[in-house]
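Here it is, the structure in full.
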Amino acid sequence: MKFAEHLSAHITPEWRKQYIQYEAFKDMLYSAQDQAPSVEVTDEDTVKRYFAKFEEKFFQTCEKELAKINTFYSEKLAEAQRRFATLQNELQSSLDAQKESTGVTTLRQRRMPVFHLSHEERVQHRNIKDLKLAFSEFYLSLILLQNYQNLNFTEFRKILKKHDKILETSRGADWRVAHVEVAPFYTCKKINQLISETEAVVTNELEDGDPQKAMKRLRVPSLGAAQPAPAWTTFRVGLFCGIFIVLNITLVLAAVFKLETDRSIWPLIRIYRGGFLLIEFLFLLGINTYGWRQAGVNHVLIFELNPRNNLSHQHLFEIAGFLGILWCLSLLACFFAPISVIPTYVYPLVLYGFMVFFLINPTKTFYYKSRFWLLKLLFRVFTAPFHKVGFADFWLADQLNSLSVILMDLEYMICFYSFELKWDESGGLLPNNSEEPEICHKYSYGVRAIVQCVPAWLRFIQCLRRYRDTKRAFPHLVNAGKYSTTFFTVTFAALYSTHKERGHSDTMVFFYLWIVFCIISSCYTLIWDLKMDWGLFDKNAGENTFLREEIVYPQRAYYYCTIIEDVILRFAWTVQISITSMTLLPHSGDIIATVFAPLEVFRRFVWNFFRLENEHLNNCGEFRAVRDISVAPLNADDQTLLEQMMDQDDGVRDRQKNRPWKYSQSISLRRPRLASQSKARDTKVLIEDTDDEANT
C-alpha cells in the first residue's frame, strides 16, 4: 500500500484539516521538479538560485504546518487532561457514595442483582456503568491523539525524505532533526502517560483488578481501512441474495399463471407491501453504511454507536436477504394455498410474527446489542416529549415518515383480519371481486388518517421538545411547522375521499384545499431538504456552485443529480392525483401507491447520504471524533484544574498566522473559534476518500 493510501485510511476524518498536507507537499515538489530550468539551456547558477528560492518557500510552508500541528496537539492534550481529571473526580465521588451507603470499601465486593437494590443504589450502579462507558470512549480519544502524533511525524519524515531524493540534497533531513524531532507534538510523551493511567484506573477500580477484562473493555477498533467481513458472512450474503432473486422470478411466474382472474389480489398486496418496503429499506441502509464508510463519513459517531461493536453493511445485507427469502416463501405459499391444507391467512401472520420475534428476541443471539439499541431508540421516538432528542432519534423518526405506508398497511391488515376476512374460506386473502365493497382501505372510519399522521406527529413533538430545551424558535419551531403541513394534507385528503364517496356537493372544495396544502408541504419540505438538512445553496460555496464550500463526496454531479431527484419525488404526488382523478381504471390509486412507496424509500436512501454528510461536517468543524459521555457536569474543582493546565507551558499556544496554498478540491470547515484561534485563518487541505473503520 502506498503511503498516501495508508495515510488516507488511518487519519481521523474529523481532524482531517489538522494533519500535514502531504499530497499538497508532493504536488509542490513535483511541480518544482517539472518547472525547473534545464542545465542544458541555462547556467548552473540560475538553476541553484531557482532551487534555493523553492526550498525557502518549501521550508516556510513546513514551519506553518508544524505550528498548526503543535497547536492542535496542545489543545487536544489539554482537553484530554481536563477530561481525565473530571472522570477521576466522578469515579471517586461514586466510590465514596457507595462506601457511605453500604460500608463496602470497593466496587468489586458488590454482587447483589440490580433489581434488589434501593433507588439510591441503582443510581450509583448506573453511574458506575456510565463511567465504564465514559472511560472507554476517553481511552479511544487518547489512542486517536496518539495516532495523530505518530502519523504527522511519519508524514514529515516521508515528505522530507522525498524532498531530499528529488532535489538530491540532505537539507530535508537536517530540517527534520532541527525542527520536527524537537517539536512539542513529538517530544511530549504525556499522552502515553495518560493512556497508562487510564488502563490502571479501569483495571483497578472498575474491573476488579483483572487486566484482561479491562483491556477487553478498552479495546480500540482498527484505525485502518475497513477490515473484510468474515468469510461466512460474505457467503451468506451472496447465498441469500441469490435465492431472493430466484424466488422473485418464481413469484412473477406464479402470479401470472396461478392467480385466478375472478379474485381480488389487493388485500394480499396491501398486506405484503409493507414487508417488502421494510426489506428494501434495510438493503438500502446497507448501501448507505457502505457509502458513508468509503467517503469517511463517521456514521458510528453520528449515531453514537459503540465503535467496538456495531453492524456493518454486510450484516444489513444479510438481514435484508434473509427476511427477503421469508417474504417470498410466504407469498408463494399464499399463491399455492388452494392445494394446501393451510389457509392463506395463516402465512402473513407467521411471517410478521417471526419478524416481530426477531426484533424482540430476549436471548443474546442474532445481533442482540444492535436489536436492543433499535428498541431503545424506537421507545425514545414514541415517547419524544419526555426525553432530550438526539440525532439518532429524529433521524429514525424521519425514516418513519418515508415508511408511513408500512404503518398504514399494518392498520389495514389488523382491520382486514378483524372485519373483512372470511375465516371459513381457505382463500380468504384472495376474495371474489363480486363480494361487498371494502371498508378497511377507506378513510370513512377515521383511523386510517390518524395512522398516516403518526410519523409526522412524532417529528412534530420532537421539534417542540428541542425548542423547549434550546429556546431557539429557528430552526425548531419552523421545522415543526413543516411537519404540521402533513396534518392538513391528510385531513383534506380524507375529507375529499369521504365526501366524494357519499356524493356531497362540497367535494371539490376539499379537493382544492388538498391540492393547496400538498403544494405548500412539498415546497416547504423541499426547501428544508436542500438548505437545512443538506446545507446546500451556501452563498460561500465558491467553485461548488449552488452547493456548499465543503463537500465530501468526490463528484459535484452527485449533488446536482440529487437535487433534481429530490424535486421530482417531492412532487410525485401530482402524478398520483392526476391519474386517480382523471381515470376510471379500477384500483388506480392502489397501483400508483404501490409504485411510489418504494420510490419514497429510495428518496430517503439518497437523503441519508447528504444528511449525514452535513452532520459529519459539523463534527469536523468542532473536531469531535468520539462520543461525549459524562456522569456529572464540570464542577468548581475541575474548572480550577483546567485553568491551571491551560496556564502551563505545554498548554494551548497561540497559532501563528498562516495562509495555506489552494487546491481544486478542498475543504474549509467553519466552527466556533477557540480563544487561541481568534486571529488564525482557516486551513485548507486536499480531500481524499477515506474508510472510517468501525468493527462489527
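Backbone N, Cα and C define each Cβ position, glycine as well.
Copied straight from Swiss-Prot:
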| type | residues | note |
| --- | --- | --- |
| BINDING | Asp398, Asn401, Lys482, Tyr483, Arg570, Arg603, Arg604 | phosphate binding site |
| DOMAIN | 2-224 | domain 'SPX' |
| DOMAIN | 439-643 | domain 'EXS' |
| MOD_RES | Ser668 | phosphoserine |
| REGION | 158-165 | region 'Important for inositol polyphosphate binding' |
| REGION | 648-696 | region 'Disordered' |
| TOPO_DOM | 1-228 | topological domain 'Cytoplasmic' |
| TOPO_DOM | 260-264 | topological domain 'Extracellular' |
| TOPO_DOM | 297-309 | topological domain 'Cytoplasmic' |
| TOPO_DOM | 338-343 | topological domain 'Extracellular' |
| TOPO_DOM | 384-388 | topological domain 'Cytoplasmic' |
| TOPO_DOM | 423-429 | topological domain 'Extracellular' |
| TOPO_DOM | 535-553 | topological domain 'Cytoplasmic' |
| TOPO_DOM | 627-696 | topological domain 'Cytoplasmic' |
| TRANSMEM | 229-259 | transmembrane segment |
| TRANSMEM | 265-296 | transmembrane segment |
| TRANSMEM | 310-337 | transmembrane segment |
| TRANSMEM | 344-365 | transmembrane segment |
| TRANSMEM | 389-422 | transmembrane segment |
| TRANSMEM | 430-471 | transmembrane segment |
| TRANSMEM | 473-503 | transmembrane segment |
| TRANSMEM | 507-534 | transmembrane segment |
| TRANSMEM | 554-585 | transmembrane segment |
| TRANSMEM | 588-626 | transmembrane segment |
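Any idea what these are sitting next to in the structure?
Under the DSSP three-state reduction, Arg570 (phosphate binding site) is assigned to helix. When other Cβ atoms within 10 Å of the Cβ of Arg570 (phosphate binding site) are tallied across all protein chains shown, the result is 19.
The average pLDDT computed for the domain 'SPX' (2-224) is 85.
Same-chain residues lying 6+ beyond the ends of the region 'Important for inositol polyphosphate binding' (158-165) with a Cβ under 8 Å from its Cβ atoms: 3, 20, 22, 25-26, 29, 58, 62, 171-173, 175-176, 180.
Only residues 6 or more beyond the boundaries of the topological domain 'Cytoplasmic' (384-388), in the same chain, are considered here, and those with a CB under 8 A from a CB of the stretch are 397, 458, 461-462, 464-465, 469.
Beyond the transmembrane segment (229-259), the same-chain residues lying 6 or more positions past its ends with a Cβ under 8 Å from any Cβ of the stretch are 265, 312, 314-315, 317-318, 321-322, 324-325, 328-329, 331-332, 335-336, 430, 696.
Within the chain, the transmembrane segment (265-296) has long-range Cβ neighbours (under 8 A, six or more residues past its boundaries) at 13, 16, 226, 255, 259, 311-317, 319-321, 323-324, 327, 330-331, 334, 344, 348, 351-352, 355, 399, 403, 405-406, 409-410, 412-413, 416, 420, 429-431, 441, 552-554, 587, 590, 594, 597-598, 601-602, 604-605, 608-609, 612-613, 616, 689-694.
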How many other Cβ atoms sit within 10 Å of the Cβ of Arg603 (phosphate binding site)?
20
For Asn401 (phosphate binding site), write down the residues of its own chain that are at least 6 apart in sequence and whose Cβ falls under 8 Å from its Cβ; none is a fine answer.
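Pro455, Ala456, Arg459 - these are the non-local Cβ neighbours of Asn401 (phosphate binding site), listed in sequence order.
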Residues sitting near the transmembrane segment (473-503): Cβ under 8 Å, six or more positions beyond its termini, same chain?
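Same-chain residues near the transmembrane segment (473-503) but 6 or more away: 442-444, 446, 448-449, 452-453, 456-457, 459-460, 463-464, 466-467, 510-511, 513-514, 517-518, 520-521, 524-525, 528, 532.
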Using a Cβ cut-off of under 8 Å, list the residues of the same chain at least 6 residues beyond the topological domain 'Cytoplasmic' (297-309) that approach it.
13-14, 136, 140, 219-221, 288-289, 291, 369, 373, 390-392, 395, 552, 612-613, 615-616, 619, 624-627, 692, 694-696
Reduce the DSSP letter at Arg603 (phosphate binding site) to three states and note it down.
helix
Under 8 Å between C-beta atoms and at least six apart in sequence, can you list the same-chain neighbours of Asp398 (phosphate binding site), or say none if there are none?
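Those within reach of Asp398 (phosphate binding site), by Cβ under 8 Å and sequence separation of 6 or more, are Arg459, Arg604, Trp607, Arg611.
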